[in-house]
Each structure stands twice: as structure tokens, then as C-alpha cells.
Amino acid sequence: MTKASMLHLTFQLTHSPPLSISQIYTMRLSLTVSALLASSAVAFVPPMPSTRQATHLASARIPDNVRKSLSADQLKTLEVAAEQASKAAAADLDPWFGEAEADDGSFASFSSLESMTGKPAAAGGTSGAQDFLEANPYFDQSNIPLNTYKNKEPHTGKIVSVKRIVGPKATGETCHIIIDHGGAMPYWEGQSYGVVPPGINPKNGKPNNVRLYSIASTRYGDDMKGQTASLCVRRATYWCPELKAEDPAKKGICSNYLCDAKPGDSVALAGPTGKVMLIPEKTPEADLIMVATGTGIAPYRTFVRRLFVEDTPARKAFKGLAWLFLGVANKDSLLYDDEWQEVKKAYPNNFRVDYALSREQENKKGGKMYIQDKMEEYADEIFDRLSKGAHIYFCGLKGMMPGIQDTLERVAQEKGIEWKDMLEGLKKNHQWHVEVY
Ligand code: FAD
């Protein structure tokens, strides 16, 4: 490739309005490639991405929407450039690259991820760095992706897999669903996607509305390539008191559509949305107390993978305690337990997990063990950590909040603390995060 053709490509790309994040990444790739191939073009290279990032991008698929916006000539030039960047980086004897190749493109650290993705995973913590989708600096949240695709003009993703992840005695069915977004819908940990189920709503004769789902994979996806998002979806069913049975006519539209989906099926995606559940990466020493009921676990899976599993700058910097409280009905209803246990084993000082199993455990008064009862057991420590800057997150069923708030208020009273003032302070300091549905 000549410098002139590279500059031509650069010119074309920089003037294609408006640029999506994927396009910007692709443009950066082309600029980096120009630096790799013609040292005289270095003046045009922006600070991002590094050679390593270019390699990742080179190995990634060029998203469909980017393809469409390029002429055949531009596309060919880009593909050639990407391949050359990949070769250049491989020839660089970068030990990281060798490792990346050796584990077949999967940078997952734990065996449970292996079962989820069906791909071999490397041993804990020794896999290649994952930093090709980072902001600069990595904790800068000022430009996170928001509403890249609107409900009325959704992106078409493809179902990669749908896997039931609860045991036979679970109350209801919950599935882990991996969706290929082709790199077109980047997102951050703690955000949600909208899913627009096909069909017409019989109640109003209009197309079905969008439903939101918290994303359960980090921005890199379960296979670490930045092309997929995973959802943790509970099938909504309707128990008819008259029939004393489930009424299939009243089952939830979108959750059943997703749990019944097959690999290769198309799925209309909107978003990503949400800024409430982001990780406070600017303060890596802050503790994170993560409280979930049921599928409310989804965002915390992204937190835990980002802070303990993937080799990101966020993981290197994190110095706090990540403490997970999960409330479900029974042991068979636990979600991602194998993943939590492996992280706990590897990081006993920085990760804790406590379960409230309402139908199997008793609280100290002999009643059912709800999430607030489990939290109350550790009330002194929770209050102490909050006073030292811990962030507390709540995600899951709306019904969990009144019980939790009452318990926290009672504990505060016992300690001579005015709960109203404390809550106000937590909200003001952005330590209080709630996303319930
Ligand atoms: P709908 O069709 O919307 O029905 C809702 C309920 O009404 C169902 O229980 C259904 O059985 C019942 N129903 C239907 N018809 C009748 C009738 N005639 N009479 C009485 N009842 C009836 N969910 C997850 O599973 N995982 C997540 O990670 C997740 N994240 C979320 C994040 C956010 C920010 C929000 C707002 C919601 C989230 N949800 C999540 C909830 C999700 O958006 C949906 O609300 C949920 O899946 C139910 O949608 P549905 O289309 O299946 O049910």
C-alpha cells in the first residue's frame, strides 16, 4: 500500500458522517496500520490504538454497518491493511500475541466460562491482556455508548446460544443467552440492551414494545472478541389461580421468545442504555457491595469478570472488596455459582459471596431467609464500609427494595444514625445505585 492510497483512505474515512464507535475504531486501525507500513505517516497516527489493539481489531470481523459505509476499494484496502497489521504484530515476537493464538482466541480465565462458551479457556489470570475496547484513560465514562440503536430502528443481532442455567428444582427457568452483535453495539459493564420481540401486541394491535435486559457479559463478550453480548433471562410465566396451573396464553412475550430462540435466529436489539450501574473505576480502592435477586445478578457478572477474570486495566487497578449478595428461592435456582466459587478461591481477600435461599434457609427469627436478612447478618461491616466510601448496588425484583430499606433504616436507628441523612449522603456521593424492575 502506498502512502498516497493510505492518506486517501484516511481522508475518506475521516469525512464519513456520522462516525459510530465501530467506525472510529476501524478508522484508528487504518491509521495505525499506515504507521506500521510507512514510517513517514507516523505524524497522522492518533494515540490509540496500540499495535496490540490493532492486532485485535485486525482479527475481529469488520462490522456490517462499517462495511456498508465503505466503497469496495476502501473495504479491500482496509482488509489488506488489517491482515498486514496482524502479520506485523505477530512477527514482533510479542509474547502476549503468542499466548493469544495458543488459546484459540478465547481469553476466558475460568473453566466455567469454558462451559458457557464451549471454547477452551486459559488458566486463571494468565491469559492475554484485554484492552482493545477501553476508553482513554480506561475509567473515563464521559463517552460511554448510549442508544446507538433506537427502538424503532433496531440492530439485527444473531442468537449464538441459549442455555438453561438453573437446576431441575429451580423455581422457574433462567437462561444464559449469547447474542452476536457483530461489533456494532459496543456497551459497558452495567448497561442494558433493549430487545424488540417480533409480532403484534394483541392488546393494542401494534408491534410489540421493547423490553430491557441487563447485559451479563463484559464489553468483550463471553468469548472476549468484543462481538457478542450475553443476557440472563428468566422466563415469565403466568400462574392462573382459577386453573391452578400456568396459563400459556398469558406467558411473557419477550422472555419466552428469547428463552425459546435457536442459534442463528435474528433478534432486534436497541440500546445500549443505562448509566446507573457502572463500576466506579476512577476509585479502584472503593469496595463494591452488590445486592441481587434472581436475574439482577446479570450486571454483577460483568463486574466480577472485569475486576477478576479478564486482563483489563480495571482488574490491575482494583484494590477493594467486591461483595456479592444473591437472593433466590433454593440452591437449584442459584445463578453462575461455579463462577463465583472460582473467583472466591483465587481472590479470597477481594471477593466474597453470600446467598439468601428463601425456601431453604431460616433467618434469625425462624422465618424465610430473604436478601435483607442476609445483609442484616453483616450490617456492622456494611455500614462501616459504606462510611468509608463503598458503593452499594441493588438489581433485580422491584419488590426487594422496601424490605431492604426498612432493614437498613432499623439498623441505622440501632446505631444512632439518621438513615434519611445517611441515604441522602450516599446518593449525593454517587455511592447508591438502584436498578429494579
Ligand atoms: P410481558 O409480556 O411483558 O408480560 C409481563 C408479565 O405479565 C408476565 O409475567 C406475564 O406472564 C404477565 N401477563 C401477561 N398477560 C397477562 C394477563 N392477561 N393477565 C395477567 N398477567 C399477564 N428480565 C430478565 O429476565 N433479566 C434481566 O436481566 C432483566 N433486566 C432488566 C433491566 C431493566 C433496566 C428492566 C427495566 C427490566 C429488566 N428485566 C429483566 C425485565 C424484562 O424487561 C421484562 O420485563 C421481562 O422479561 C418480562 O417481559 P415479557 O415480555 O416476557 O413479559
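Count begins at 1; order follows the chain as displayed.
For all residues, glycine too, the Cβ spot is worked out from N, Cα and C.
Copied over from TrEMBL:
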type    : residues                                                               : note
DOMAIN  : 152-279                                                                : domain 'FAD-binding FR-type'
BINDING : Ser214, Arg234, Thr295, Ser358, Arg359, Lys368, Gly396, Leu397, Glu435 : NADP(+) binding site
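In sequence order, Thr171, Ala329, Asn330, Lys368 are the residues near Arg359 (NADP(+) binding site), counting only same-chain partners six or more apart with C-beta under 8 A.
All protein chains shown were included, and the count of other CB atoms within 10 Å of the CB of Thr295 (NADP(+) binding site) stands at 23. The Cβ of Ser214 (NADP(+) binding site) lies under 8 Å from the Cβ of Gly190, Gln191, Ser192, Leu231, Cys232, Gly274, Met277, Thr295, Gly296, Ala298, Pro299, Cys395, Glu435, each of these being in the same chain and 6 or more residues away along the sequence. According to DSSP, Thr295 (NADP(+) binding site) sits within a helical segment.
Glu435 (NADP(+) binding site) counts 18 other C-beta atoms within 10 Å of its own C-beta, drawing on all protein chains shown. Summarising the environment of Gly396 (NADP(+) binding site), the number of other Cβ atoms within 10 Å of its Cβ, over all protein chains shown, is 24. A Cβ distance below 6 Å to any atom of ligand 1 is met, among the binding-site residues Ser214, Thr295, Arg359, Glu435, by Ser214, Thr295, Glu435. Secondary structure at Arg359 (NADP(+) binding site), taken from DSSP and collapsed to helix, strand or coil, is coil.
Taken residue by residue with DSSP, Ser214 (NADP(+) binding site) is part of a strand.
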